[in-house]
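For reference, the structure discussed in these notes is given below.
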Amino acid sequence: MLKIITRQLFARLNRHLPYRLVHRDPLPGAQTAVNATIPPSLSERCLKVAAMEQETLWRVFDTHPEGLNAAEVTRAREKHGENRLPAQKPSPWWVHLWVCYRNPFNILLTILGGISYATEDLFAAGVIALMVGISTLLNFVQEARSTKAADALKAMVSNTATVLRVINENGENAWLELPIDQLVPGDIIKLAAGDMIPADLRIIQARDLFVAQASLTGESLPVEKVAATREPRQNNPLECDTLCFMGTNVVSGTAQAVVMATGAGTWFGQLAGRVSEQDNEQNAFQKGISRVSMLLIRFMLVMAPVVLIINGYTKGDWWEAALFALSVAVGLTPEMLPMIVTSTLARGAVKLSKQKVIVKHLDAIQNFGAMDILCTDKTGTLTQDKIVLENHTDISGKPSEHVLHCAWLNSHYQTGLKNLLDTAVLEGVDETAARQLSGRWQKIDEIPFDFERRRMSVVVAEDSNVHQLVCKGALQEILNVCTQVRHNGDIVPLDDNMLRRVKRVTDTLNRQGLRVVAVATKYLPAREGDYQRIDESDLILEGYIAFLDPPKETTAPALKALKASGITVKILTGDSELVAAKVCHEVGLDAGDVIIGSDIEGLSDDALAALAARTTLFARLTPMHKERIVTLLKREGHVVGFMGDGINDAPALRAADIGISVDGAVDIAREAADIILLEKSLMVLEEGVIEGRRTFSNMLKYIKMTASSNFGNVFSVLVASAFLPFLPMLPLHLLIQNLLYDVSQVAIPFDNVDEEQIQKPQRWNPADLGRFMVFFGPISSIFDILTFCLMWWVFHANTPETQTLFQSGWFVVGLLSQTLIVHMIRTRRLPFIQSRAAWPLMAMTLLVMVVGVSLPFSPLASYLQLQALPLSYFPWLIAILVGYMTLTQLVKGFYSRRYGWQ
């Protein structure tokens with residue numbers, strides 16, 4: 001029974017945390033594993049559109065091949081709305097206010113308030129109502145601010161689509177980069193490798209277009225999409241080869257398409273409107289919050305009944321005992337936790353944005369601080385984001401203009417995703433030569449790049465009788481489809497001797513830190529029709545183009561800073577192991593034994609996990625290799641970050657605890673990431689890690705303070721309840737004490753953090769929290785018991801008639817010691833001298849202490865059932881507080897030496 005109640009309470013707590021802020025959004029479509037019903041009308045409409053001729057498409061969608069003009073766009077948007085999913089639309093303010101109220105802590109307070117009102121204790125009911133109001137409003141305001149900050153940050157890195165629009169009254173059109181929420185049905189858009197499908201589309205032109213639909217269909221392999229259907233009698237819209245759906249992504253190829261549905265009208269939009277709850281795997285932050293919350297709630301559920309039984313049995317007044325036990329339960333619940341978490345994360349996100357780090361999901365900040373392994377690609381991270389074409393040689397290593405011109409034709413005429421290598425090739429040919437080449441050779445066709453083949457081809461023609469296929473790509477993949485080489489002007493077979501020559505030349509280039517790309521050609525009789533991958537066979541190896549990818553000046557100090565921060569950096573690259581090892585050496589990273597992709601193919605998960613733990617450099621990896629390595633490192637208990645910006649990085653970005661990409665990354669990589677860097681630099685990343693640790697430390701302060709003081713208070717209550725003939729403190733006193741303490745905690749997100757607390761990864765550790773409670777909780781109990789003795793024997797408050805004096809004395813000691821513990825526990829150093837809190841926290845705690853001491857002397861004292869304390873009480877109060885702080889400091893020194901300090 002206890003387990004069921006605990007689970008239900010925690011479920012309510014977890015729902016209370018701002019879901020959209022501390023849960024990573026699944027890729028659009030990823031949640032459709034939940035069975036949901038699609039309206040038959042939508043399926044029928046999709047099937048009709050899939051089979052339509054282009055002329056019919058223009059008519060049905062009120063569009064035309066030139067694109068929509070401004071007036072047509074306005075009409076379409078008025079009819080269909082913005083291209084946003086239902087779940088992305090903000091809820092009304094009153095819904096947010098209700099969500100902020102309905103947490104187990106406020107419900108407990110409300111029950112207690114109702115009981116107080118029913119027993120005509122109106123003042124207590126008013127105080128409880130004030131507590132509920134403050135807790136709810138603070139959380140509401142902080143969540144609203146956090147939501148606004150998160151939305152503003154997300155808007156800075158929103159995805160775009162390439163759209164054909166009419167741009168003036170003369171009917172001139174142009175391809176424009178527009179945010180995807182501006183798309184309307186009838187728009188014509190262009191797709192390329194790496195693009196997210198921004199709406200439901202009907203393909204009108206396609207070139208080797210392959211789309212990953214696993215998020216919708218579960219099919220792991222990409223499927224080809226075409227402009228004219230090959231299966232006219234298809235019954236399942238998701239299997240129609242002329243349709244693409246929102247939430248899927250382009251793996252390879254290019255296309256043009258007409259937008260047939262946006263927002264709620266899309267296939268995924270219909271699913272999102274019908275799916276109310278999805279199972280989301282918790283990341284490291286969410287698991288930590290879950291474990292800590294469960295620990296505190298279980299402690300509350302165990303101790304409150306114990307307090308009830310002891311007080312009811314010893315005092316005989318079970319009704320009063322029940323009220324007191326319920327007040328103790330309220331005092332044991334960390335009702336400010338949601339607000340502290342939300343405001344701390346939001347403040348960290350805003351600070352990071354000023355350091356060129358955009359946080360898409362607020363919990364990523366804490367994961368930043370917890371990260372102990374960073375896996376990253378080499379290009380643009382360790383190296384400069386500018387690649388220089390250094391050599392263009394034949395197979396013997398001699399400079400060759402012919403090889404350069406072949407590479408230029410390939411880079412110039414390909415329409416897929418142009419990378420830094422293509423840019424370097426295009427810049428490596430002067431304008432005169434480029435004009436001559438483009439005038440002499442006409443493009444016939446292309447075979448786009450994909451990560452399975454790791455090469456791409458264009459087909460060009462100089463005359464009408466012969467076509468030339470020009471292929472460039474990774475050396476081994478090019479060699480796999482070559483049977484001949486061009487050697488000293490002659491075409492000779494690619495035999496073992498030639499292969500050894502090729503390896504010798506390319507290894508020499510690799511050792512110089514040059515990245516080698518092979519170039520091959522093939523002459524074919526002119527023909528009609530498309531060229532396919534099968535045509536990439538029996539090629540002639542022409543030579544190589546070699547690129548210099550020099551390390552950044554900031555890489556070495558950034559790696560040193562990351563190492564000093566307790567983060568292990570691992571390089572996961574698709575590049576050659578020789579090039580990667582050279583770069584690692586130049587930046588001071590000890591690569592050790594290098595593991596290549598083919599080495600891990602046959603390894604079991606356990607063997608690869610052990611290998612991954614001790615290996616720094618992995619080379620020649622596929623996207624699935626990267627994902628598998630990241631997943632296994634997580635399985636071993638590490639908090640893993642992955643930094644990448646390409647299509648091949650998306651699976652690993654998604655698998656990591658924290659996915660990190662850059663503003664210039666492809667759509668699918670940015671969508672999969674939790675954090676976007678406006679500057680692709682490890683130094684910026686290191687600053688983010690430090691901010692994450694500051695954020696975590698401030699959150700942990702609240703939990704440690706609350707847990708330890710609550711533990712001590714309960715122990716004190718149990719002792720007092722067992723031996724006193726009256727309640728040690730009235731339920732109302734506990735509530736006021738709790739309210740004042742909560743007010744003092746509001747400033748924790750603004751507190752300073754000691755340098756030593758941000759020098760290593762910070763992890764949630766419920767076991768450490770339990771140990772912390774056991775060590776520090778009894779300290780307050782010791783001085784509470786001394787206070788009991790003081791009030792009983794020195795001030796003779798030992799009868800029911802003098803219980804108000806007793807309760808007033810413990811009220812002041814309890815509140816001041818509970819407030820001072822904030823300063824004692826926030827640092828492992830000597831508080832106020834070696835480490836001072838930020839001024840907001842100093843001011844709030846001082847204010848609460850002044851209010852606490854003043855209440856027994858105020859006009860409210862009689863209403864609160866407190867009384868003025870004699871002046872002789874205050875020297876004893878100072879002695880108790882000094883003794884309390886001294887013992888806490890001594891225990892803190894022992895604890896930090898024995899167990900460390902978070």
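Quick reminder: no glycine exception, Cβ is built from N, Cα and C everywhere.
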Membrane side check (same topological domain name in Swiss-Prot): ALA255 and ALA797?
no
Write down the single range among 44-62, 253-271, 804-822 that appears in Swiss-Prot as transmembrane segment.
804-822
Run through the topological domain 'Extracellular' (720-728) and tell me, per DSSP, how many residues are helix, strand and coil.
4 helix, 0 strand, 5 coil
Where's the emptiest Cβ shell within 10 Å among the recorded positions ASP377, ASP645, ASP649, ASP742?
ASP742
Mean pLDDT for the topological domain 'Cytoplasmic' (1-98), rounded to an integer?
68
Could you check whether the transmembrane segment (804-822) and the transmembrane segment (99-119) come into contact, where contact means at least 3 Cβ pairs under 8 Å with the two residues of each pair 6 or more apart in sequence?
no
Verify whether three or more Cβ pairs under 8 angstroms connect the transmembrane segment (836-855) with the transmembrane segment (322-339), leaving out any pair fewer than 6 apart in sequence.
no
Look over the recorded stretches 121-141, 292-312, 700-719, 836-855, 871-890 and say which has the most C-beta pairs under 8 A to the transmembrane segment (771-794).
700-719
Could you give the residue numbers and ranges of same-chain residues that sit at least 6 residues beyond the topological domain 'Extracellular' (313-321) on either side and whose C-beta is under 8 angstroms from one of its C-beta atoms?
307, 721-722, 725-727
ASP742 (Mg(2+) binding site): secondary structure state under DSSP, collapsed to three categories:
helix
Chain-internal residues, separated by at least six, CB under 8 A from ASN738 (Mg(2+) binding site):
MET131, VAL330, GLY331
ASN713 (Mg(2+) binding site), number of other Cβ atoms within 10 Å:
25
